[in-house]
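Enquirer: Here's a structure for you.
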Amino acid sequence: MRALALALALTLCAGAAAAQAPAPAPAKPAEPSPLAQEITFSGKLYSPVKLSVSVPYQALIKSMSAAIGQKVKKDEVLLNYEITLETRMNEKRALSPSAVKDLEHQLAAAGKDLDRLRMRRKELEVMEKQNMATSQALALNSQEMQVVEKQRAALQERLNLEKELLEQRLDLARERFGSKANYGQLPEDGIVKAPMDGYVLWINPDLRKGVKLAPGAELFQVGTLDPILIRAQVHEIEALRLKLGDQASVVFDSIPGKTFTATVSRIPWAPLPSTLQQPSYYEIELTLPNADYTLKEGLKGLVTIIPKK
């Protein structure tokens, strides 16, 4: 009985001491690590401007002066080719000014008809005063003049259009065959020219001397490399944290030990197509300076961005 009372007294004392002890301070939340704020994703390099060059006819390749990586100037000749006889005949026919000359002849004839009707009208007016012509004859003469004037106007419109089309066909022929192309004249060889200042980024693997290519076959791709773009698909959560102008560091496995600086240059408002159940991804673009042309199209890199607050 005495032992039970002693145990009860010790329990009450311990409870009182615990009640008087100060409560422990709440745990302080850990500061977020800068690394936890990083956005990391992979992307691939692309030329910002790239134009394709194709051959407009069935062509037999005679010579080629372009190589992958070659720097070219706009309108520099990259290739010479030979066209079929049928194509050559059709192109020469398209450059013939015969349609223009025929319309000029018709317009001149209509002008003579109009002059004849005007002279006839003067005669009728004199004869009417002498009661030798009726008002009906004058009215008929006026109707004939109106018809001829409308014919002249229509012929003039057709002539202007045909001249414009002929000039455009000549411009196109000189683009495809060189400056020696002229009305009714066509050089033997066609040419392919660089569409812009830049670099030859791609050449058709089948392209070589003696090969025949089908009409519309793509021959080259010419583009610029400075600056160069890196495109990447970014998850919707991370894309919303990015802003235009954010700086990024980029590393490439193919260029070890070197880090490049890029700038976010495009953030689309619309995501890439996806199903309703899938999260959205946005294709963003970053711009990288490439003055020494170290970076080539197609390289894959790892991009790291710490978004601005």
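Every residue, even glycine, has its Cβ placed from backbone N, Cα and C.
Those TrEMBL annotations? Automatic predictions, nothing curated.
As annotated in TrEMBL:
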COILED    100-176  coiled coil
DOMAIN    230-304  domain 'CusB-like beta-barrel'
SIGNAL    1-19  signal peptide
Enquirer: Compute the average pLDDT of the predicted model within the coiled coil (100-176).
Expert: 90
Enquirer: Could you give me the DSSP helix, strand and coil counts for the domain 'CusB-like beta-barrel' (230-304)?
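Expert: Its residues divide into 4 helix, 37 strand, 34 coil.
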